[in-house]
Amino acid sequence: MIYQGKAITVKALESGIVELKFDLKGESVNKFNRLTLNELRQAVDAIQADASVKGVIVSSGKDVFIVGADITEFVDNFKLPEAELVAGNLEANRIFNAFEDLEVPTVAAISGIALGGGLEMCLAADYRVMSTSAKIGLPEVKLGIYPGFGGTVRLPRLIGSDNAIEWIAAGKENRAEDALKVGAVDAVVAPELLMAGALDLVKRAISGELDYKAKRQPKLEKLKLNAIEQMMAFETAKGFVAGQAGPNYPAPVEAIKTIQKAANFGRDKALEVEAAGFAKLAKTSVAESLIGLFLNDQELKRKAKAHDEIAHDAKQAAVLGAGIMGGGIAYQSAVKGTPILMKDIREEAIQLGLNEASKLLGNRVEKGRLTPAKMAEALNAIRPTLSYGDFANVDIVVEAVVENPKVKQAVLAEVETQVKDDAILASNTSTISINLLAKALKRPENFVGMHFFNPVHMMPLVEVIRGEKSSEVAVATTVAYAKKMGKNPIVVNDCPGFLVNRVLFPYFGGFAKLVSAGVDFVRIDKVMEKFGWPMGPAYLMDVVGIDTGHHGRDVMAEGFPDRMKDERRSAVDALYEANRLGQKNGKGFYAYETDKRGKPKKVADASVLDVLKPIVFEQREVTDEDIINWMMIPLCLETVRCLEDGIVETAAEADMGLVYGIGFPPFRGGALRYIDSIGVAEFVALADQYADLGPLYHPTAKLREMAKNGQRFFN
């Protein structure tokens, strides 16, 4: 053994060839933490000191190569002064440079996934051989930063600036055939032939058949583009990427600027440019929020995994109520491998559900994400039925009938008599109390809520609602089924609206107050979209459905009359009474036409102003900042109340619920991180400025206490 550490070993293979293997003890994946970087330095030193070494193969002892840097270390690192961050990056890059500058040929054998620093390690090698099942990429822009271990320097010099910009700015994982096509890897082999392929390459380099020094040289030099080519490549890319990323996500454009600035430099000077830009991005609030989001997501996965121990495996599912929602649930279950019965009392609803599932599967086939054979397999896994004949072997039933408590109670009581005693019943409800629905059941311990968001196939969140009598096994089994469906489940306790809708309706309440104060809803939409929401509140209400919003608001007002009940008519009342229901009937706040692709397209409709006129009670002068505060303060304060009331267990889950469930701007991190970014004391003072708008704007006593003590939601 030439070197042995806790993350890296170097051992002799044959004929002077050594294997530098990453295998971080106590972890399921390899990552570049402080320990691994330090050991890489020692391992490279050991190789340099051993005159018998003729070639090096870099490999992994795990199913994946290296997933990148240890993101948990970013939180403290990024608090350092900018100059220290630059120095730290340059120090790390000296290790990669030392590996790249070894006097012997080097080959990276890429298995599983090599992301971020993992791919940057491979780029420092002379040759790369990749398993057919492996994926590689530089996803750092998703964290608000860009590659900092030489990725912006080596990749464009290997595969050309256009390809490198596409890889870095998109942050996507790339398959083996695509990597080979652009020259990011030198060979692609079957997984079982990976080591043999790496050995073949290194032996050919040692023998002189391959000139590894010539292969290495372009990575050490400036980019091979003249001034005109540079201008065309970089200016065009910056314009396009800025349009794609938007103003709230600076990292993709900054990555292009860095490649451009470093284009005329050799490796070492180019790495200095990279380090300086990386440090600037690392200090932004966007990076802080997106890294926080990543860590929150890991916390969500950890909590969901904790349920596995007692969860029953749902081998056979059923959905009650077909149609669009039932069809979407059936599709999601079947395509992820759990066969499902789809029951309705009407043949036309069954057909609608099957059509929905078939359409979604067909779309995946068209996009190359599913083979026709897999589509047929998924369709066969959906069994339509008008009766309960096959329900005896069902492990979990998702009830997705109309949002009416009496109807749901009747259907749930009926299906309970048709399933085995330990089958789980889950109601897909957005607002109705799980405790109320449970009263109709003989086995309420087997009952939970399972709130899917529309459209089911696109929305990543599922709220699993624990009722007073729900057993931990019922909760765990439902969480496990949601995970099998490819969803991100969050367990919440029962209350009107659960987490997401309870928080969303105060936001809509702020919107209603603005419209009643004479503020143009189109202006409100523009301001909130600029703030970072995927769509403004008026457009969102049209998409959700004015009738759905009207019903939801009434449920919330009944549940929280002290702050959510408004005695005055609102914009939603006016539109509902005028039968302007949004996209579903072609007119709401906006009117809707069908575009060339058959999708609804919003257009202005002056007639809505007459409908809204009776509910405009005053004409207030408000700034864009006021609009944001009228909307965001109620949403944030209701999130705080949900955490304080124990509806959601952690701040991480609360924030991820809003990002996944209603499209809260990811670069702002979630409602509680947004409060942190303002400062808890500053947020309380801000809310107090709007206290005259009503109880939705009044901070809780506990939040005032946090403000007084200088506390945060995230440390």
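The chain as shown is numbered from 1 upward.
The backbone N, Cα and C atoms fix where each Cβ goes, and this holds for glycine too.
Listed features, source Swiss-Prot:
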ACT_SITE  His451  active site, for 3-hydroxyacyl-CoA dehydrogenase activity
BINDING   Asp297, Asn501, Tyr660  substrate binding site
BINDING   Met325, Asp344, Val401, Val402, Glu403, Lys408, Ser430, Asn454  NAD(+) binding site
REGION    1-190  region 'Enoyl-CoA hydratase/isomerase'
REGION    312-715  region '3-hydroxyacyl-CoA dehydrogenase'
SITE      Glu120  site 'Important for catalytic activity'
SITE      Glu140  site 'Important for catalytic activity'
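Here the features listed in Swiss-Prot are painted onto the structure.
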{"residue": "Glu140", "record": "site 'Important for catalytic activity'", "Cβ within 10 Å": "29"}
{"residue": "Asp297", "record": "substrate binding site", "Cβ within 10 Å": "16"}
{"residue": "Met325", "record": "NAD(+) binding site", "Cβ within 10 Å": "20"}
{"residue": "Val401", "record": "NAD(+) binding site", "Cβ within 10 Å": "23"}
{"residue": "Glu403", "record": "NAD(+) binding site", "Cβ within 10 Å": "16"}
{"residue": "Lys408", "record": "NAD(+) binding site", "Cβ within 10 Å": "23"}
{"residue": "Ser430", "record": "NAD(+) binding site", "Cβ within 10 Å": "21"}
{"residue": "His451", "record": "active site, for 3-hydroxyacyl-CoA dehydrogenase activity", "Cβ within 10 Å": "24"}
{"residue": "Asn454", "record": "NAD(+) binding site", "Cβ within 10 Å": "15"}
{"residue": "Tyr660", "record": "substrate binding site", "Cβ within 10 Å": "23"}
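Of all Cα pairs drawn from Asp297, Asn501, Tyr660, which the record names as binding substrate, the longest spans 20 Å. Spacing of Val402 (NAD(+) binding site) relative to Glu140 (site 'Important for catalytic activity') is 43 Å (Cα to Cα, whole number). Met325 (NAD(+) binding site) falls within a helical segment according to DSSP. Pairwise Cα distances among Met325, Asp344, Val401, Val402, Glu403, Lys408, Ser430, Asn454, the recorded NAD(+)-binding residues, top out at 20 Å.
Cα of Asn501 (substrate binding site) to Cα of Ser430 (NAD(+) binding site): a span of 7 Å. Cα of Met325 (NAD(+) binding site) to Cα of His451 (active site, for 3-hydroxyacyl-CoA dehydrogenase activity): a span of 11 Å.
If you take the C-beta of Asp344 (NAD(+) binding site) and look for same-chain residues 6 or more apart in sequence within under 8 angstroms, you find Leu320, Gly321, Ala322, Gly323, Gly326, Ile350, Gly353, Leu386. Within 10 Å of the C-beta of Val402 (NAD(+) binding site) we count 10 further C-beta atoms, all protein chains included.
According to its DSSP assignment, Asp344 (NAD(+) binding site) is coil. Annotation for Glu120 (site 'Important for catalytic activity'): spatial neighbours Phe96, Leu138, Pro147, Phe149, Gly150, Gly151, Arg154, criterion Cβ-Cβ under 8 Å with sequence separation of six or more.
Taking Glu140, Asp297, His451, Tyr660 as the recorded positions under consideration, the smallest Cα distance to Val401 (NAD(+) binding site) is found for His451.
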